[in-house]
Amino acid sequence: MPKRSDIKKIMVIGSGPIIIGQAAEFDYAGTQACLALKEEGYSVVLVNSNPATIMTDKEIADKVYIEPITLEFVTRILRKERPDALLPTLGGQTGLNMAMELSKAGILDELGVELLGTKLSAIDQAEDRDLFKQLMEELEQPIPESEIVNTVEEAVAFATEIGYPVIVRPAFTLGGTGGGMCANEEELREIAENGLKLSPVTQCLIERSIAGFKEIEYEVMRDAEDNALVVCNMENFDPVGIHTGDSIVFAPTQTLSDIENQMLRDASLKIIRALKIEGGCNVQLALDPHSFKYYVIEVNPRVSRSSALASKATGYPIAKLAAKIAVGLTLDEMINPVTGTTYAMFEPALDYVVAKIPRFPFDKFEHGERRLGTQMKATGEVMAIGRNIEESLLKACRSLEIGVYHNEMSELAEVTDDALVEKVVKAQDDRLFYISEAIRRGYTIEELSELTKIDIFFLDKLLHIFELEQELAAHVGDVDVLKEAKRNGFSDRKIADLWNQTANQVRATRLENNIVPVYKMVDTCAAEFESSTPYFYSTYEWENESIKSDKESVIVLGSGPIRIGQGVEFDYATVHSVKAIQAAGYEAIIMNSNPETVSTDFSVSDKLYFEPLTFEDVMNVIELEQPKGVVVQFGGQTAINLAEPLSKAGVKILGTQVADLDRAEDRDLFEQALKDLDIPQPPGQTATNEEEAVEAARKIGFPVLVRPSYVLGGRAMEIVENEDDLRSYMRTAVKASPDHPVLVDSYIIGRECEVDAISDGKDVLIPGIMEHIERAGVHSGDSMAVYPPQTLSKKIQETIADYTKRLAIGLNCIGMMNIQFVIKDETVYVIEVNPRASRTVPFLSKVTDIPMAQVATNLILGKSLAEQGYKDGLYPESNHVHVKAPVFSFTKLAQVDSLLGPEMKSTGEVMGTDVTLEKALYKAFEASYLHLPTFGNVIFTIHDDTKEEALDLARRFDAIGYGIYATEGTAKFLNEHGVHATLVNKLGENDDNDIPALVRTGKAQAIINTVGNKRTYDEDGAAIRSSAIEAGIPLFTALDTADAMVRVLESRSFTTEAI
């Protein structure tokens, strides 16, 4: 069926900010879809609130709106643009829920907009637990016994009837939000109450637990002519009971017999046909390991995290083809762009094994609840490809960047047997390492399979890895054993440990004996047909399929898995850098390990190596490709950390040189550079042990900001008030960086701002200054940023521009750099310099219209700013106001305190743009799901340090007609100063009148809660904050953010005055 000619303009809804459960995979899907629709000649309108995406670049769609994805704003855009159709299936749960809302509000009918891809009835059938159950019964597909409930009592009654354990699944939520496994009534009451609250339709499904079954996923495609195929099947290493986004996953399935595979494949195809889905769909099934019994767990009628993984695992571009199916093309008339010869109807076949391991944020959240269950907690993931399970698993382990280079964590050697068994049984994010440790201690794989319900086949592979370790230790220097270990994915570093050598010695032995990897192509057809994709993985075999081209090449290092502090912003910069390298006439080669992102789409670069970002793996590619040089500026700290070892090995680092990178990162050198350039900085010192730190702090004076050098996202950073706190910090946190000392700085409370600059060594272009709304003390990644600055005088802006230029030239920066300033009493201090692209690059590129990463890449390749048409100095300001606001994923992370400080906690960002600051702020708050009605009540619970300041806020809330509740000390203070505040208890003293009760009953619309600089962990405060997070009401832990919210409310409210 040819494509439809009755529709001309199509609107695509993006997935908004990155949160746990909905990450960069939707930028990849959305980008592919928009380009595919444009390729077919349609006019594309895109709405997405997240500026850090490639998808929101001007050239991806014909019109791009970076606006909140809310009914109010999307309706406005629909009325203005009048598209013929809407494609919501590429925007994750956000896109689907938005389509449902638009339909229910009658907007789609009013404007005659047709839904493409998946009909509303199918979305409803897949998402609404009751309808899904009915459909499965009609198709005679088995599902676990279950009951839909709307109250906690109904849940308890059903669970009593079928017996525990049971699983709670809220309707229409994302990544298992609010759900969980309950072993008894007490757990059920707690989880069901929370789940009903979080479900937009107050509905949960209570179902019999089938934990322990194998979890299998099928990624399926169907078109309007009812052609359907399985793109990829995948098997979870972890059994049912752990969210698939938090599971280690292998593709293709490893332990199924042919009969089982056919049975589940037939079920998946039957379901997608019954739902009449046009496009991609993901079916999750549970298989009883002891019989042919299976259950259908759930169906996602949209492109998902698993589809991104399936696309990268097979090379089959699901989102691109799904978009084309949505406009009427069929699978048997589209060519598979990978082979260029076979049709899209042809099911991919794999002659390799893919392993995916999730990346968790617990390195940032020490207090977080690490137990895994049906609610997702991972922020990102890595993927690795090998010729066997051992190889792909070990490559994935060293891609994680959690300080391991094998399936082993050295600190687990200290764990007692009892603690070890508990961690093996009760899965946490690091269970793989505990199981591997148990095998090293002699636990049998039969025992472990019994304890974990993980298939013995996988445990046998871990046993094989251990046997190879013993083999290596027994045969030091043996070349045959070395070959065998390399074929099974061992890193040089691990072999070096076992041989008591250095990794470089092992590497030398390898090279002498010509034990080097070959690179195999990912071609979707197991080498059956000719294929031309430049997409490779390494393995230790014979035939190399990656041929070095005659063109001079440049390698760009990506940023690895998405984690807090290093998000999709760096992928954005990587992709732009590649575009510039290609435009300059070089061959652009990307190395990266993240399956979710645009940079690992093989059509982006000339060659893609899907490999871990470690010195060994990068060096192997460099030795084959012999590039002109390597670009490390755009891959975040991951790539910067590789600059020194690569440079020592004789690799040319393009852009700012390693010695200069060091001057920005090494404290003493940096202080000296600032002194030489005559630029003020907060007084500080370095310390290598506890006594030195205390000595330094006495000299500088408390409060001080302490942190290790060389970290990203403010890891292990704290503001300390006194000597005791400092001593405890030195004892607990300093492990963060043993070779690098700890920095002790005077903590200056002032206005903070930051600058991204691009320098060619002579001229320095400053696209703009971003002013932070929160004062110093809140990590820049968690602050709201405003461009252009609203409160900085011309003189201060000139000073900032002058210091920026001095620093860029003084540090011999070629390419990009990011500088953070704090301003107190009209003095501008430099807090830190990052000699690389930072997380604000996409935002600033969008608001100034300067493709910053491309400009910087051209400089790195030798083309000056003047040659590119840019002048030295501060770029003229935009006439709109733009606000970048952080978005957090606290609802997914139990026991993580939502108090903001110098350690970064946000997972994503949104942008609000308008003609005034108030309007831009309103949009930013709406886009980040912080909705405040124009009247209501606000709760104040304020630390003594900030009461004076909170008084002004309370007066303003009072003036616009808000009711004020306050805890004891705060209420007394406010009432004494003429603001009427109603007393409320902190916690539990009287249950009807404590803060959680007010929040529960909907009497409070926001909470403002500050703590002093002392920031010790306070349980009451944490409980108050989490009650706001659970209820989804705005929580402000910085008065500056609350002040911004009041400005918005003031601009939208009316005054009532007597005449």
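We count from 1, first residue shown onward.
Backbone N, Cα and C define each Cβ position, glycine as well.
Record check, Swiss-Prot: ATP 2 site residues include R707, S746, I748, E752, G777, V778, H779, S780, E832, and the candidate from Q797, Q820 also listed there is Q820.
Cα separation, E832 (Mn(2+) 3 binding site) to Q820 (ATP 2 binding site), rounded: 5 Å. You'll find the Cα of R129 (ATP 1 binding site) roughly 53 Å from the Cα of I748 (ATP 2 binding site). For the pair I748 (ATP 2 binding site) and R208 (ATP 1 binding site), the C-alpha distance works out to 56 angstrom.
Between the farthest pair of Cα atoms in the ATP 2 binding residues (R707, S746, I748, E752, G777, V778, H779, S780, Q820, E832), the distance is 18 Å. A Cα-Cα distance of 41 Å separates G777 (ATP 2 binding site) from N300 (Mn(2+) 2 binding site). Neighbour count (other Cβ atoms within 10 Å of the Cβ, all protein chains): 24 for E215 (ATP 1 binding site). Under the three-state DSSP scheme, I242 (ATP 1 binding site) falls in the coil class. On the 0 to 100 pLDDT scale, the model's mean across the domain 'MGS-like' (930-1059) is 86. If you take the Cα of Q820 (ATP 2 binding site) and the Cα of N834 (Mn(2+) 4 binding site), they are about 9 angstrom apart, rounded to a whole number. Of E215, I242, N300, all annotated as binding-site residues, the residue with the shortest Cα distance to R707 (ATP 2 binding site) is I242.
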